[in-house]
Amino acid sequence: MIVASILILIVPVLLSVAMFTLAERTVMASMQRRFGPQVSGISGLLQPFWDGLKLGVKEPVLPDSSSAGAFAASPMISFVLSQVAWVGICISDASFQGLVIMAISSLAVYGVMLAGWASNSKYAFLGCLRSVALMVSYELSLGAALLSIGLFVTDGTGMKCLNFAEMPTTPQYAMLPLCLIFLVCILAETKRDPFDLPEAELVAGYNVEYSSLGFALFFIAEYANMAVMSAIASIYFLGGFSALKITALFFAFVWTRGTLPRYRYDQFMRLGWKAFLPLTLAFFALHASVAI
């Protein structure tokens, strides 16, 4: 029974990740006026599965003088946490769903940090430090935005649909900045463009020493976290959970990647600490005073 429950949770997420990767490659190809995946299966539907098989049959390499246990555990930690985060969304009667999901998602930083430290590589460690700093910086604004919404629409932090059609005009305008900040923080939290570190594609990413299933687990965790954050945005800002709304938000992720240039490290740190955090804290203080 327990195994069946775990499979019911994991299998749909894995299938959605596979379709998200296919959709991203197809949309990016359309934006760049080139052909996307179209050989494997009908319209390239089997391409994600062949990519996963290719990664699965590659030889796992353990760097010399690395911490073997931590090196193997870090991708599994990231993968498990990306799946467990869906529990807070699936349990609709929980009183503190927002806090539960934020607590689980905040633990993802440990998988990234452990990967950079256990690799015993200066490039992986430097990439890990920058990725951790990015995630922690925008996680504060993300949590403050969620708590502000929780104080505004309910007496606790339970997930309630923020239906703009049922609200007066003034609160709608008050929620719009929080919605925009939340969407930008999602991009930073999931390490997506334009908040992706440019050197991560060269030799300074936290997962530079990983191959085979370890790299695949990090890849799956990233896209699963995108789906979780899109679901939270759909619930809080778009009137409720909907697969269509999550797909639209994912398309916005891909659109952002295909159109915007990357920020430098100092630029997105300045944006997080000097712009987003003061704004979200101001909204939190305002909504708390109204609730009191």
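Cβ coordinates come from backbone N, Cα and C, glycine included.
Residues annotated as transmembrane segment in Swiss-Prot: 2-22 (among others).
Annotation comment: Swiss-Prot describes 71-91 (among others) as transmembrane segment.
Among the features that Swiss-Prot reports, transmembrane segment is placed at 98-118 (among others).
If you look up Swiss-Prot, you'll see 132-152 (among others) marked as transmembrane segment. Long-range contacts of the transmembrane segment (132-152) within the same chain: residues 98, 102, 105-106, 108-109, 112-113, 116, 158, 160, 162, 171, 174-175, 178, 181-182, 185-186, 188-189, 191, 195, 197, 232, 236-237, 265, 268-269, 272-273, 276-277, 279-281, 283-284, 286-288, 290-291, each at least 6 residues beyond the stretch ends and with a Cβ under 8 Å from a Cβ of the stretch.
Annotated transmembrane segment per Swiss-Prot: 167-187 (among others), in sequence order.
What Swiss-Prot records for 213-233 (among others) is transmembrane segment, and it gives sequence analysis as the kind of evidence.
As annotated by Swiss-Prot, transmembrane segment applies to 235-255 (among others), with the evidence given as sequence analysis.
Taken from Swiss-Prot, the feature transmembrane segment applies to 272-292 (among others), supported by sequence analysis.
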CB contact flag for the transmembrane segment (71-91) and the transmembrane segment (272-292), at least three pairs under 8 A: no
